[in-house]
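According to TrEMBL, the protein carries these features:
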type     : residues : note
COMPBIAS : 504-513  : compositional bias 'Pro residues'
REGION   : 490-513  : region 'Disordered'
TRANSMEM : 17-37    : transmembrane segment
TRANSMEM : 63-80    : transmembrane segment
TRANSMEM : 160-181  : transmembrane segment
TRANSMEM : 288-307  : transmembrane segment
TRANSMEM : 313-331  : transmembrane segment
TRANSMEM : 369-392  : transmembrane segment
TRANSMEM : 412-433  : transmembrane segment
Amino acid sequence: MSGGEGGGTTLEFTPTWVVAMVCTVIVAISLAMERLLHYTGKFLKSHNQKSLFEALQKVKEELMLLGFISLLLTVFQNPISKICVSPGLVTHMLPCGLSERSSSESAEASHFQSSFSVSSSTPIRIRRLLGETTTSTSETGTCAEKDKVPLLSTEALHHLHIFIFVLAIVHVTFSVLTVLFGGARIRQWKHWEDKIAEQNYDTKQVLKPKITSVHQHDFIKGHFLGIGKNSAILGWLHSFFKQFYASVTKADYVTLRLGFIQTHCKSNPKFNFHKYMIRALEDDFKQVVGISWYLWIFVVIFLLLNINGWHTYFWIAFIPFLLLLAVGTKLEHVITQLAHEVAEKHTALEGELVVQPSDEHFWFAKPQIVLYLIHFILFQNAFEIAFFFWIWFQYGFDSCIMGQVQYIIPRLVIGVFIQVLCSYSTLPLYAIVTQMGTTYKKAIFDEHVQAGLKGWAEKVKRKKGLKPGTDASSHAGSQGSVGVIQLGKLAKRASTPEEIQGAAPPPTSDEQK
């Protein structure tokens with residue numbers, strides 16, 4: 001009467017106040033999270049942060065996917081647990097050895113017996129202990145009648161359910177922290193941009209003729225001159241070590257900025273490169289924060305290879321570590337290549353030293369490959385950390401899955417190192433070096449121009465509305481609308497940043513103030 005097949009008390013014999021209280025807590029937490037995401041989205045839209053808003057939508061998609069996975073696991077947990085297979089199929093490829101399983105079961109049996117022998121035990125405690133084993137006993141009994149064993153127990157499904165949830169939450173959290181810390185590092189470069197803007201407003205400095213000695217330039221001295229300038233191996237070694245102590249210097253920023261402007265917006269030397277770079281990074285963030293299909297494939301492969309004695313969880317920690325070092329070295333080497341191209345061709349230049357951006361400097365001539373690698377690195381590192389804490393809280397620090405201490409500590413050290421290096425070195429490097437490709441993010445300029453045109457049109461309508469005469473105001477409004485459409489078409493036809501900026505309407509007196 002008090003329980004069904006799975007054991008425990010059903011809703012038929014559960015106090016209504018208990019059911020109402022549990023439902024209230026769950027619904028309140030869910031609504032609070034939904035409202036938090038909703039108001040966060042409104043805040044981002046009101047501050048014209050479209051890229052971050054799209055990243056937030058990506059987070060909502062991941063949460064919806066998690067909810068669907070949770071629903072599937074809940075609905076199918078009983079049918080899956082009733083699937084019976086031959087005992088020989090479940091004695092191979094185990095995360096823990098059978099001997100460790102026997103010792104664990106004996107420990108549980110002794111604990112169970114002591115629960116009955118202790119005089120202070122109450123009937124309530126005995127009922128709870130019986131309830132914990134009823135489900136697994138029922139599953140085993142059903143399959144034992146056929147001389148078989150369950151394919152996957154309800155308890156194991158529940159643990160897998162928790163792991164998938166922890167993995168997604170840790171990945172999103174780590175991605176957000178990486179972009180926040182990396183963005184804070186990039187914003188430290190703003191004073192370099194402000195300093196350049198001040199120099200560009202100085203007419204005497206701009207008109208003053210200048211001859212640049214290439215080999216005396218700070219950018220060239222930092223990447224071309226010195227020991228090993230003609231050695232490819234030493235050049236790669238220099239790029240490898242530079243990512244740890246001075247990934248981007250002022251000379252690097254100034255030179256790469258000028259190379260981008262001279263290539264994509266030559267007629268606008270006052271172009272705000274730092275602002276563009278931040279927007280480009282925010283646009284890439286929406287891809288980094290998601291869990292793509294190929295990352296789920298990696299999770300499945302890891303769960304398949306997590307076999308006792310292989311220490312897969314230890315060796316797999318080196319994959320993101322080595323990939324991160326390779327990505328940082330490659331990005332630094334792109335800067336070195338740009339310096340070599342100029343230094344090998346010129347000894348002196350009239351005007352500023354300008355590098356030539358090109359996709360050929362990147363792997364397979366595709367700068368976006370670097371973003372995919374960073375995405376994979378962040379996910380795999382989050383996977384390592386999530387797996388560690390899941391094992392710790394689910395099975396305990398002494399669990400056979402956790403492994404020995406000599407395998408645990410290096411994993412944690414590597415995980416922390418990856419998080420710090422990616423935030424303060426690799427991500428800022430990616431933000432600036434990937435702008436040295438042949439193309440640029442035209443969509444960012446289009447969004448900026450569309451927002452500017454919309455605001456300009458609204459101001460025109462407000463000003464025209466103040467004038468007497470309904471017909472005149474409507475006629476002026478129609479002319480303003482036509483002007484906006486024409487400017488919008490001009491912005492779409494523009495192929496370079498300065499053409500897009502030139503398509504935008506001139507600032508009004510209010511904007512100038």
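Just so it is clear, glycine is given a Cβ too, placed from its N, Cα and C backbone atoms.
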Long-range Cβ contacts under 8 Å made by the transmembrane segment (160-181), restricted to residues 6 or more beyond its ends, are 59, 62-63, 65-66, 69-70, 73-74, 281, 285, 288-289, 291, 299, 378-379, 381-383, 385-387, 389-390, 394, 419, 422-424, 427
Sort out the residues at least 6 away from either end of the transmembrane segment (369-392), same chain, that have Cβ-Cβ distances under 8 Å to it, and list them. 162-163, 166-167, 169-171, 173-175, 178, 284, 287-288, 291-292, 295, 298-299, 302, 313, 316-317, 319-320, 323-324, 327, 330-331, 362-363, 399, 401-402, 408, 411-412, 414-415, 418-419, 422, 426-427, 430, 434
Taking residues 6+ outside the transmembrane segment (63-80), which of them lie with a CB under 8 Å of any CB in it? 6, 151-152, 154, 157-158, 160-161, 164-165, 168, 291
At a C-beta cut-off of under 8 Å, are there same-chain residues at least 6 beyond the transmembrane segment (288-307) that contact it? List them, or none. 55, 58-59, 61-62, 65, 93-95, 167-168, 171-172, 175-176, 178-179, 313, 316, 371, 374-376, 378-380, 383, 401
Is the transmembrane segment (313-331) packed against any residues at least 6 beyond its ends, judged by a Cβ distance under 8 Å, and which are they? 236, 239-240, 243, 247, 302, 306, 362-363, 370, 373-374, 376-378, 380-381, 384, 387, 403, 407, 410-411, 414-415, 417-418, 421-422, 425-426, 429-430, 433
